[in-house]
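S.K.: Below are the features listed in TrEMBL for this protein:
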- 1-28: signal peptide (SIGNAL)
- 280-302: transmembrane segment (TRANSMEM)
- 344-370: transmembrane segment (TRANSMEM)
- 376-395: transmembrane segment (TRANSMEM)
- 416-437: transmembrane segment (TRANSMEM)
- 443-466: transmembrane segment (TRANSMEM)
- 503-527: transmembrane segment (TRANSMEM)
- 533-560: transmembrane segment (TRANSMEM)
- 572-591: transmembrane segment (TRANSMEM)
- 603-631: transmembrane segment (TRANSMEM)
Amino acid sequence: MDPFRSISFHPSLIFLFLFLLLIHGVRSFYLPGVAPEDFQKGDLLRVKVNKLTSIRTQLPYSYYSLPYCKPKKIVDSAENLGEVLRGDRIENSPYTFKMREPQMCNVACRITLDKRQAKDLKEKIKDEYRVNMILDNLPLVVPIQRQDQGSPPIYQHGFHVGLKGQYSGSKEEKYFIHNHLAFTVKYHRDLPTDMTRIVGFEVKPFSIKHEYEGQWNDNTRLKTCDPHSKHTVVNSNTPQEVEENNEIIFTFDVEFQESEVKWASRWDTYLLMSDDQIHWFSIVNSLMIVLFLSGMVAMIMLRTLYRDISKYNELETQEEAQEETGWKLVHGDVFRPPSHSDLLCIYVGTGVQFFGMILVTMIFAILGFLSPSNRGGLMTAMLLLWVFMGLFGGYSSARLYKMFKGTEWKRIALRTALMFPAIAFAIFFVLNALIWGQKSSGAVPFGTMFALVFLWFGISVPLVFVGSYIGSKKPAVEDPVKTNKIPRQIPEQAWYMNPAFSVLIGGILPFGAVFIELFFILTSIWLNQFYYIFGFLFLVFIILVITCAEITVVLCYFQLCSEDYLWWWRSYLTSGSSALYLFLYATFYFYTKLEITKLVSAILYFGYMVIISCAFFVFTGTIGFYACFWFTRLIYSSVKID
C-alpha cells in the first residue's frame, strides 16, 4: 500500500515545500551571462566611487560633491535606468592598486579646506553620511565585530564621512574626517593557474592628523604613517579636525587576504542574515491565517452552499428557501452593474497590470536574474514589466466594461492607461523638484525623465489600447441569471454588516499575512540594506493572494445572505483596504525606526509610501474583486431559478 495515497495536502503547504529549495539557493545565484573576472599578480585594480548616502536624510549626493581626492579626469560609468532612479552615480577614483601587492601609507592627495568645503563636510558628518565604493562589482563594507566573539562580523555598507566628538577637557563639539582608509581585498586563488578572483572588499576608516617635516612636495615622508619604518595608522587618537584653512592629507593602505570563499558565493557574507527564524515565523503565521480562511471557505462551499443549492433545485417554496438563507433571493439583482462602473473597470485593469508585473518580477527574482550584484536591475525590471503588462490591463478593463454593456471602449482604454501613472508621475515630479532643490544626486535628470515619459506614452499607452481592442472584440461575458428591471430594496443591515465596518475588517487579515515581511522590505528601502530573500517573498506573495481571495469570498457570502447585492465595489474595497493598514504601518515605522529630521526627507518618505500604498490598493483590490466575481458566478449558475 502506498503510504502517501491517503494523505491530502493543502495547496499552500505544497507551495511551501516547493520553494524551500529556492529560498537558500537564490543567495548565490547569479545573472546568467555575468562572468567572473580573473586577475594575475600585478594586475591593476581600480576602485570606483558611488553616491554618498544617509539614512537620516534619504538624499544621496555625488562623491565629488565633497572635497575628496579626484583623478585627473572624472569618468562616469554607464548606469541603467534603475541605478539612475536610485540616485547611483558611479565614477572613477584615484584609489588604484595592484593585485596581491600590499601597499602602506600611500598618499592620495593633500587639500586645504575653504569655508564652503568645511561647512559641507560638517553637514555631511552631522547627517551621518556614508561613502560607498565598488571594486569588481563588490560594494565596500566595514566589518563590525559582534559582542559574541564566536559569531561572524556584521557588515556595514560604506564608511562614515567622519565623526563628531570632543577633545578631553572640552565640551565643545568638533567634527573629524576619516582621511585614512585601510583597505582589505579578499581573493580566492586557483592553485593550478595562480589566477585570482576578488571575493571581498573591506575597509577600516581612521581619522588622523598627519604630520611631516619641512615644506610639502611629492617626496615628503609622513611622520605619522611611514612604510619605511613600518609605522602605520592603527587608531584615531589624534584625529583630523574639519575647520576652515585646515590641511587634510588623504592616505590609504591595501592588504590582500587569501580566502576559501569561492566567487559564486562571494555575496553570501554581504547578505548574511540572522533573521531566518523571524521569516519562518512570518510564513507559519501567514499559513495559519490561510488555513483558517480556507476552512471557512470550504465550510461555505461544501456544507452551506451544497445544502442550499440542493434544496433550491428540489423546487422548494420561496418561503422555505427564505428560512434557510437569503442569498438566492437577490438573484435578480446580483449582476446589476454597479454605480461608477467605468471607474471600477479602470481600477481592475490597473490591478491586473500590477499583478502581472509583480508575478513576473518575482519569478525573475527567484531565478536569480535580479540578484544584488545586478545593481538597479530590480527597479528596471519592474518599470519595463509595468509598461508591457499594459496589454493585459487594457484587455481586462475592456472585457469588464463590455460586460457592463459599455460601448466607448476607447475612453476606458485611455483612462486605464493614464489614471494611475498620472497620479504616480505627478507625485514623483513634485518629489523630484524637492530633491533638485536640495542639489542631491537623487534628482532624476531630464534625459531620464524623458525616457520615463516615452515608456509611458510610447509603449504603455499603445499596449493598453491594443489590449482594450482585443477585449472589446471578444463576446461579452453572459450573466448566469437574468437581472430584474426594477432594483430590489435592500433590507436594513445589522451593524456588523455596515459597508465601512466590513471593508475595514476585511483588510486586516491580508495585511497581517505580510506585515512582518513588510518590515524587512521597508528596512531595505529606507535603511540602505540589501533585500535578497525572494524565496520567502514569493511564499508571502502567494499567501497574500490566497488570503485576499478567501476573506473577500467569505465576507461576500455573508453580504449576499443578508440580501445586500451591492457586492461589486465592496469586494474590491474589502481586500484593497489592506493598503490603509500598510500606510498606517509605514507611519508607525517612520516614527519608531527612522531618524529622519529634515522636512524634505519626511515629505519624500510619505510621498513614496503614498505611491506604494496606492499600488498595493489596486493590486489587492483586484484579487478580491476577481475572487468574488468567480464566486458569485459559480453559486448562481448552480441553482435553478424559477
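Keep in mind that glycine also has a Cβ here, set from the backbone N, Cα and C atoms.
Unlike curated entries, TrEMBL annotations are predicted automatically.
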S.K.: Please work out whether the transmembrane segment (376-395) lies in contact with the transmembrane segment (443-466), by counting C-beta pairs under 8 angstroms that are 6 or more apart in sequence and asking whether there are at least 3.
M.R.: yes
S.K.: Of the listed stretches (344-370, 443-466, 503-527, 603-631), which one yields the highest count of Cβ-Cβ distances below 8 Å with the transmembrane segment (416-437)?
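M.R.: The stretch with the most contacts is 603-631.
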S.K.: For the transmembrane segment (503-527), which stretch among 280-302, 443-466, 572-591, 603-631 has the most Cβ pairs under 8 A?
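M.R.: Comparing 280-302, 443-466, 572-591, 603-631: 572-591 has the most Cβ pairs near the transmembrane segment (503-527).
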S.K.: State the residues, same chain only, that lie 6 or more residues beyond the ends of the transmembrane segment (344-370) and have a CB under 8 A from a CB inside it; answer 'none' if no residue qualifies.
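M.R.: Same-chain residues near the transmembrane segment (344-370) but 6 or more away: 19, 22, 26, 29-32, 338, 377-378, 381-382, 385-386, 389-390, 392-398, 400-401, 404, 406, 412, 415-416, 419-420, 464, 534-535, 537-538, 541, 568-569, 572, 615, 618-619, 621-623, 625-626.
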